[in-house]
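Since the structure comes first, as structure tokens, the remarks are kept for the end.
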Amino acid sequence: MNPAFSKGLRPGLYAITDEQLIPADQLVAAVTAALRGGAVLVQYRDKHSPDSVRLDQASQLQGLCGEAGVPLIINDDPQLAKRVGAAGVHLGQGDQTLTDARNLLGDDALIGITCHGDLELARLAHDQGADYLAFGRFFQSATKPGAPPANRQVLAQARQFGRPTTAIGGITVHNGADLITSGADLLAVVGGLFGPGDVEQRARQFSRLFADHHPLYPFHP
Ligand SMILES: Cc1ncc(COP(=O)(O)OP(=O)(O)O)c(N)n1
Ligand SMILES: Cc1nc(C(=O)O)sc1CCOP(=O)(O)O
Ligand SMILES: [Mg+2]
């Protein structure tokens, strides 16, 4: 079954920021480069900075993404998403519940859920109204070394839910193609995008992988 793309979701590169990798004064330039290279979704993920910094940075990214017509997702924090007018939120299994986030943000919000490698978690997330299902980690991740591993087969099995799937964890331009052919609609990337080197060029390379391997890319709603 083709997944239901709605609320501005499209297959492609999902750029995720990290405050330990991207110096604060380079955040806007780094995300601008990712957008220029074709990122179709951006997540603001900052696990450590003070609330005032997170509010300021999330507002700046919302401005950038708004101009680019790309949805901004806030990691962990539905309240911050509401405050800055972001498109939605990403929630893990230990975060606030999908139901609480939906009640706060409304039906139009984009809510993604971490399902690790577990189809039952995916079923639950689907039944509760998740807009995308995230699976991982598929490779060793320097950003989150302790994330539980997932098997590529889960991507094909998750097609039954008719929701876009995201793959995450150690993804690079060299190992991403297999995940797309296995069924990933989005590749969520931190280090393989924002690590040292030319971010825009790497974003373009990821976009090329989708052009070559995803049946619905480029997706025009
Ligand atoms: C797209 C995407 N997938 C998975 C995660 C991980 O979420 P979570 O398990 O809540 O872990 P933290 O990111 O909060 O450390 C994600 N953020 N994005
Ligand atoms: C935030 C996160 N969640 C994961 C999961 O498996 O749920 S892996 C991960 C880190 C992704 O960063 P990188 O692209 O640098 O590996
Ligand atoms: Mg989380």
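Each residue, glycine too, has its Cβ placed from N, Cα and C.
The 4-amino-2-methyl-5-(diphosphooxymethyl)pyrimidine binding site annotation in TrEMBL covers Gln43, Tyr44, Arg45, Asp46, Lys47, Asn75, Thr114, Lys144. Positions annotated as Mg(2+) binding site by TrEMBL: Asp76, Asp95. Look at TrEMBL and you will find 13-192 tagged as domain 'Thiamine phosphate synthase/TenI'.
The two recorded residues, Asp76 (Mg(2+) binding site) and Arg45 (4-amino-2-methyl-5-(diphosphooxymethyl)pyrimidine binding site), show a Cα separation of 8 Å. Lys144 (4-amino-2-methyl-5-(diphosphooxymethyl)pyrimidine binding site) and Asp95 (Mg(2+) binding site) have their C-alpha atoms 16 Å apart, to the nearest angstrom. Listed in sequence order, His90, Leu91, Gly92, Gln93, Leu121, Ala134, Gly136 are the same-chain residues at least 6 apart in sequence whose CB falls under 8 Å from the CB of Thr114 (4-amino-2-methyl-5-(diphosphooxymethyl)pyrimidine binding site). If you take the Cα of Lys47 (4-amino-2-methyl-5-(diphosphooxymethyl)pyrimidine binding site) and the Cα of Asp95 (Mg(2+) binding site), they are about 12 angstrom apart, rounded to a whole number. In this structure, the CA atom of Tyr44 (4-amino-2-methyl-5-(diphosphooxymethyl)pyrimidine binding site) is 15 Å away from the CA atom of Asp95 (Mg(2+) binding site). When the binding-site residues Gln43, Tyr44, Arg45, Asp76, Asp95, Lys144 are checked against ligand 3, Asp76, Asp95 have a Cβ within less than 6 Å of one of its atoms. Of all the binding-site residues given, namely Arg45, Lys47, Lys144, the one with the smallest number of surrounding CB atoms inside 10 A is Lys47. The shortest Cα-Cα distance from Asp95 (Mg(2+) binding site) to any of the binding-site residues (Gln43, Asp46, Asn75) is found for Asn75. Taking the binding-site residues Asp46, Asp76, Asp95 in turn and counting surrounding C-beta atoms within 10 angstroms, the largest count is reached at Asp46.
Taking each Cβ in turn and tallying the other Cβ atoms within 10 Å, the top scorer among the binding-site residues Gln43, Tyr44, Asn75 is Tyr44. The secondary structure of Lys144 (4-amino-2-methyl-5-(diphosphooxymethyl)pyrimidine binding site), as reduced to three states from DSSP, is coil rather than helix or strand.
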